[in-house]
Amino acid sequence: MSGEKQPTIIYLARHGQTWFNTMGRVQGWSDTPLTPAGIEGVEQLGRGLADHHFVSAYSSDSGRARETAQIVLAANKKGKDLRLKERKDIREACFGNFEGDTDENMWTAMAQHVGLETPEEMMAEMNVEGFKKTMNAVSEIDPLGIAEDFPTLQNRLKKAFSEIAEEADQNGGGNVFVVSHGMSIVALTAGLTQDTPIFGVENASITKLYYEAGEFSVKEMGSMDYWK
């Protein structure tokens, strides 16, 4: 039985709550630690996943993702020798000059760039296409020229997650644990499901991706049911 090929399933977690999350500040490639409440939430996720066997584990190279993964893996009963691998290509989107600024300032600038007066107008019209439009707007108005537009972000993530899933699949399949970021999870799943939450998934939630014949399908989106 142990030699049989297993389905390749990615348990994709968003990192736990951070200080910038609570302060309403833009956090893409910038980074702040988990809050006490964030650590507690990740510990609950760890308890919920304690009996899941993972064949590999990954996080982005951001400290908040690394810390989240370490807490969850420390609670896991099935993979005590599992080594966490970090990948910079599963980071959050880069927001360029808006990194560390207030969410309100960035949203106001985006809204005005697309001809709206307030962020509320933009949010009221938000859907998958609207999400793509906002990501493109950030890139277009970034004076540093480093903010990622939607195609750049999505292509980066699709390539990275395909490599992660394909490696597991070629080695017999199984469960893969990955910690990434809110907007990255939205960008990755956009077009795969009607349930993509445009404003991001909750901290320490699980999005479950099945990988078969080179394609992903979404089985759970931003689930909080794994907390224990």
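Cβ atoms here come from the backbone N, Cα and C positions, even for glycine.
All protein chains considered, the CB of Phe20 (substrate binding site) has 20 other CB atoms within 10 Å. Taken from TrEMBL, the feature substrate binding site applies to Arg14, His15, Gly16, Gln17, Thr18, Trp19, Phe20, Asn21, Arg64.
Summarising the annotation, TrEMBL assigns active site, tele-phosphohistidine intermediate to His15. Residue density at His15 (active site, tele-phosphohistidine intermediate): 28 other Cβ atoms are found within 10 A of its Cβ, drawing on all protein chains shown. For the recorded site, His15 (active site, tele-phosphohistidine intermediate), the DSSP three-state label reads coil.
Sequence-distant contacts of Glu92 (active site, proton donor/acceptor), defined as residues of its own chain at least six apart whose C-beta falls under 8 angstroms from its C-beta, comprise Gln27, Gly28, Trp29, Ser60, Ser62, Ser180, His181, Gly182, Met183, Ser184. The active site, proton donor/acceptor annotation in TrEMBL covers Glu92.
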Taking residues Arg14, His15, Gly16, Gln17, Thr18, Trp19, Phe20, Asn21, Arg64, which bind substrate in the record, the widest Cα spacing (Å, whole number): 15
Shell of the substrate site beyond Arg14, His15, Gly16, Gln17, Thr18, Trp19, Phe20, Asn21, Arg64, same chain only (C-beta within 8 angstroms of their C-beta centre): Gln27, Thr32, Leu34, Thr35, Gly38, Asn203
